[in-house]
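Enquirer: Below: one structure in C-alpha cells.
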Amino acid sequence: MGRSLPPMSSALFSLLLLLLLIATAIPCDAFYLPGSYMHTYSQGEAISVKVNSLTSIETELPFSYYSLPYCQPKGGIKKSAENLGELLMGDQIDNSPYRFRVNVNESLYLCTTNPLTELDAKLLKQRTRDLYQVNMILDNLPAMRFTQQNGVTIQWTGFPVGYTPATGSSEDYVINHLKFKVLVHEYEGSGVEILGTGEEGLAVISETDKKKMSGYEIVGFEVVPCSVKRDSEAMSKLNMYDKIDPVSCPLQLDRCQLIREQERITFTYEVEFVKSDIRWPSRWDAYLKMEGSRVHWFSILNSLMVIFFLAGIVFVIFLRTVRRDLTRYEELDKEAQAQMNEELSGWKLVVGDVFREPTNSKLLCVMIGDGVQILGMAGVTIVFAALGFMSPASRGMLLTGMIILYLFLGIIAGYAGVRLWRTIKQSSDGWRGVAWSIACFFPGIVFVILTVLNFLLWGSKSTGAIPISLYFILLALWFCISVPLTLLGGFIGTRSEPIQLPVRTNQIPREIPARKYPSWLLVLGAGTLPFGTLFIELFFILSSIWLGRFYYVFGFLFVVLMLLIIVCAEVSVVLTYMHLCVEDWRWWWKAFFASGSVALYVFLYSINYLVFDLRSLSGPVSAALYLGYSLIMAFAIMLSTGTIGFLISFYFVHYLFSSVKID
C-alpha cells in the first residue's frame, strides 16, 4: 500500500484554500481598519454624544440607558443602526441630549427631573449598589475616566451611575454633573488613505491627492463624573442648553445630590476642548494599553518554551520508537517470513481490527464535521483580527465575523463528516442523515442553551435578551445558508474518491487484554498538556469578556492557536500509539478525547475564575449566564481540539499500517 496523504486531508486543504482565495480575490479600497473612516470637524460644528447600554461586572446584565430617569433629547430617543454582533452582545446605542460645539468650551444645563417616584429612587439605588457604568461614545470613542488608587492611576471606560460612600453610610448619591474633555488634533494636509494597522492602532498612510483639507479630528474623549446638589426650583426655570457657571466636584457629602424619593435631580455638564499631538490613526492606543504588559509577554514566552520543550521530547521518543519497530519488522519480513506470525507483538497484532467501525460512529462523524467547522472559523477569525479587521473599535464586528464564517464553512463540515462516514462504512448509504446532524448538532445545542439564558434575561428586562425578531433572523441564516451548504459539502464528500484502507478488517473482533488501570484515565490526563498552552491567554480572554477590558493581542492568540494544534496532534498520536501497543484497537474515540479533554480543564478553570476573580458577581441569574456561556465555550473547544487529534491520529494509523505488509 502507498504512504501518501489520505485523500480526505488533501481534499479538505484544497476546499479551505479555495474559500480563502475567493474571499481574498474580492477587490476593495484600502481604509483605516479599526473602527470607522476618519472624520474632520470644522470650528463650531455641532457633534453629538451617543449612549450605550448600562453595564456592570457585578451582574453582567446590561440595561438600557433610558431605563433610569435621565434627560432625554429634544427630538426623542433614536436608536442607532447596530450589527448582528452588537445585538447579540446586548449593546443598545441611542442618541443623547449631550451635544458639543467643536473648540467651544461651555457649561450647560440639561434638565431637572420630576420628583423621583418610589420605583425610580429604588431603581437608581439598586443600579448604584450594583456598580453599573454609563457608557458614552463620541465619534466612535468610548468615554474614558481616570481614578487614583494607592498612588496608581487606573483607567476605566464609562463612569458610575452613582456611588455609595465608604464611610458606612446607607445613603447613595447620583452622578448628575459631567466634566468632559475632548482631545482634538488640528488636521492640515493632503487626503490620506490608511493602508493597514498594527495591534496598537499604528497605521500606514499613503498620499492620495494634493487637495488641501483642514479641520479638527477627535482623538480623545475623557470624562470626570461629579455629584452636585443644586437648587432644583431655580434650575427648573432654565431651558435645555442654557449656559450656567462651571463648578468643581464637591468633596463634602452635604453638597452632593442624594438619591431619595420625591427628590428632583438636575443634570448639567461642562465641555473643554484641548489640542493634542495624537494623530487619528493612533487615538485608540490609550484604550489598548494593557497593564502589566511585560508580565503578559514573559508569561506567554515562558509557556511557549516549556510546551515546545515537552512536546519536542515526546515527539523525539515517539519517532525513535516507531522507527525501531518498523526497522525490526522489515528485517523480520526479509529474513524469517515463515516465522513472522510468531514474532508479531504490540500494534502489529491488531492489524485486523485497527479499522473496525467504532461505537456510535455516526456521532463521531458529526462531531468531527462540527469540529472542522469551528476550527476553520476560529483560525480565519484570529488571522483577520490579527490583521486589524476586527479591532475593538469596530463594536460587534468580531462576533458578526465569526457567525458569518461559521455559516459559510458549513460546506467543509459536511464534506469532512460525510467523507469520514463513507470511510467507516465503505459506502455512501445514510450520508444525508449525517449531513443533517452535522448542520444541527452544535448549533442546536447552542440554541437550546441560549434560549434558556434568554428567558432569564427576559425575566430581568435586560437589553442582553435576544429580541424575537433576531431569533427568526438567526434561524433564517441557519436554515438558508448553513444547512444547504452542509448538505452540499456532504454531497461533494460522496462524490470524492474513497479512502483506501491499507488493511482488511477481520470478521471476529480480537479480544483486548485486561489492564491494571482504565485507559480513559490516561486519556483525561492527556488534556493537561494542551491546557498548558491555553490557560494564560484564557485568563486575558475571560477578563475581556466579563470585566469589560479590551482584548487586542490577536497576534499572541494566533501563535497560541498554532502551538495548540501541534500539541494536540502530538498528544493524540502518542496516546493512540500507546493503546495500539497494548493491543487496544479501540483508538477512534480515545484519539478524539486525548486532545478534546482539554475542554474539561478549560471549564474547571472557568469555574475557578468565577470563584476567585469574579467574586463581585452577584445573583443566580448572573452565575447562570456565566456558566452557560462557559459551557458553550468549553464544548466548542472540545469539538475543535478533538477533531485535530482525531484527524492526525487517523493519518498516523493509516501511514503506520501502510508502511508494512501483513497478510
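Every residue, even glycine, has its Cβ placed from backbone N, Cα and C.
Sequence annotations record features per position, and here TrEMBL assigns signal peptide to 1-30. Annotated transmembrane segment per TrEMBL: 297-319, 363-390, 396-421, 433-458, 470-492, 520-546, 552-575, 587-607, 627-653, in sequence order.
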Enquirer: Which stretch from 363-390, 433-458, 552-575, 587-607 shares the most C-beta pairs under 8 Å with the transmembrane segment (396-421)?
Expert: 363-390
Enquirer: Counting only residues 6+ away from its ends, which parts of the chain sit with a Cβ under 8 Å from the transmembrane segment (363-390)?
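Expert: Distal contacts: 12, 16, 20, 33-34, 196-199, 397-398, 401-402, 405-406, 409-410, 412-414, 416-418, 420-421, 424, 434, 437-438, 441-442, 486, 554-555, 557-558, 561, 588-589, 592, 636, 639-644, 646-647.
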Enquirer: Is the number of Cβ-Cβ pairs under 8 Å between the transmembrane segment (627-653) and the transmembrane segment (470-492) three or more, considering only pairs separated by 6 or more positions?
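Expert: Contact criterion not met.
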Enquirer: Mind pulling out the one from 470-492, 552-575, 587-607 with the most Cβ pairs under 8 angstroms to the transmembrane segment (520-546)?
Expert: 587-607
